[in-house]
Amino acid sequence: MNDLNRLGRVGRWIAGAACLFLASAAHAEPGENLKPVDAMQCFDCHTQIEDMHTVGKHATVNCVHCHDATEHVETASSRRMGERPVTRMDLEACATCHTAQFNSFVEVRHESHPRLEKATPTSRSPMFDKLIAGHGFAFEHAEPRSHAFMLVDHFVVDRAYGGRFQFKNWQKVTDGMGAVRGAWTVLTDADPESSDQRRFLSQTATAANPVCLNCKTQDHILDWAYMGDEHEAAKWSRTSEVVEFARDLNHPLNCFMCHDPHSAGPRVVRDGLINAVVDRGLGTYPHDPVKSEQQGMTKVTFQRGREDFRAIGLLDTADSNVMCAQCHVEYNCNPGYQLSDGSRVGMDDRRANHFFWANVFDYKEAAQEIDFFDFRHATTGAALPKLQHPEAETFWGSVHERNGVACADCHMPKVQLENGKVYTSHSQRTPRDMMGQACLNCHAEWTEDQALYAIDYIKNYTHGKIVKSEYWLAKMIDLFPVAKRAGVSEDVLNQARELHYDAHLYWEWWTAENSVGFHNPDQARESLMTSISKSKEAVSLLNDAIDAQVASR
């Protein structure tokens, strides 16, 4: 630390006391005051934090605002951590100063369709259950709703915990503030005395695992080693009992997932993303080396017991395309199988926490590189991928992305308060709710009705292609039992299964991706037409083989 920073320490401490006064008023118990600590004492050990804190916008915020280190200071030494400080993970730690952002985050968008299945006749993917047969998502796959509910909705979804966790009552399903302040203020556990994964309700599954939860929360950030590897200092890992892990988690989408709490600078914390961008050298924009070079990510590794333990990724500049990609991305969050021999890939394998960081047309090769597939279809036996919300990769190369548009421009616009202050909305909602700040901000020649019309044009067209893809996939699936009964050879069936993989991939990407093609309409059209072609090819192959078998009798 240079002398200039040391001389500025008193000024930073005094300014930080102002925030501390506000913090004590908002969060302390009656009669309790937050007593600032000497940050220089903390920096004696936490040298990496010093580098970030002293030069960032949070330089005036004292350590005690987020940490209770009373016992830690008394028991720590240069060789031993001592009693670990208590670190605040709740979003209200930031709300003291960033009130407007917090209030917008907890605001529920009541215009959305809560818990609407994607697999209903009028929804996005009417034949989803048939096409995904054999996978846990067939038990429930709903449209997304407000981010405030992202953790609690994971706990209650029918495919995850067998119905163990439920809302305390139906009124709680609207309680965005409660869901943000603590999941267990709105949820109940059917059997708090047990931790085994089992079915409490019929027509449910127990498919959850610890990696799933890394998108929903980072409450466990200090207890999780890099990539979820087992480590003697880690309380949780990829192989932990997921029910016990779930009970230890409370808050959705912690502020520090995107904002470094010490510097206030932009960052990411999802280890799978850091691994893809930095460790594997794919960069922030794999299809645009120039942009990837401009938007760099620096991996910062923290040690525990003098061993590398966890890591964060500091961004050169704020880029919501990268920050949102911590969750809005296709990645492995489950066990699976090897393409080469069908052997099981367990949660102890790093492939169970893997970001492919590839678009729909590069995914197959990326999966082959790590020798992985997710599940076998219950009817055809084909080895298939199971795709998760690949918004980031879909956006790459689109007209909007090439013109410098980022996620926040459309989903988190700048909003002016009554006092004239401008802040970034953290409501993360559809541009339909704020066309003036989103679409019309660039398309000034349009009216709001024209912009909505263009959106509907793209999404309606894409949805039509999704439905056609499903029709031909279903037709192909229905032919497999017929072909088997007719005595069609395994060689022909395997050829059809390979076509099934392609048809499934190029279809399901667009049921998992949440824009119904709007993020990249040209890519959606090409992909879905490819799916239809592959299904038709398989249908023709199977029909010809069936006819040949019948004729030979």
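Just so it is clear, glycine is given a Cβ too, placed from its N, Cα and C backbone atoms.
As the structure is a computational prediction, the values presented were derived from the model and not from experiment.
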Same heme 5 site per Swiss-Prot - residue from HIS141, HIS147, HIS504 joining CYS324, CYS327, HIS328: HIS147
Site-mate of CYS255, CYS258, HIS259 for heme 4 in Swiss-Prot, selected among HIS72, HIS411, HIS426, HIS443: HIS426
Binding-site annotation, Swiss-Prot, heme 3: partner of CYS94, CYS97, HIS98 in HIS58, HIS67, HIS135: HIS58
One of HIS400, HIS463 listed by Swiss-Prot as binding heme 7 at the site of CYS439, CYS442, HIS443: HIS400
Record-annotated heme 8 site (Swiss-Prot): member among HIS287, HIS500, HIS519 besides CYS407, CYS410, HIS411: HIS519
Identity of the heme 2-site residue among HIS262, HIS354, HIS377, HIS389 (reference: CYS63, CYS66, HIS67, source: Swiss-Prot): HIS262
Neighbourhood of CYS258 (heme 4 binding site) by C-beta distance under 8 A, where only residues 6 or more apart in the same chain count: PRO266, ARG267, VAL268, MET323, GLN326
Binding-site residues listed as HIS72, HIS262, HIS328, HIS426, least Cβ neighbours within 10 Å: HIS72
Site extent for heme 5, whole Å (max Cα pair distance, HIS147, CYS324, CYS327, HIS328): 12
CB contacts for HIS519 (heme 8 binding site) [other CB atoms within 10 A, all chains]: 24
Sparsest-packed of the listed binding-site residues (LYS216, HIS259, HIS400, HIS411, HIS443) - C-beta count within 10 angstroms: HIS443
Nearest-integer angstrom distance between the alpha carbons (Cα) of HIS67 (heme 2 binding site) and CYS42 (heme 1 binding site): 11
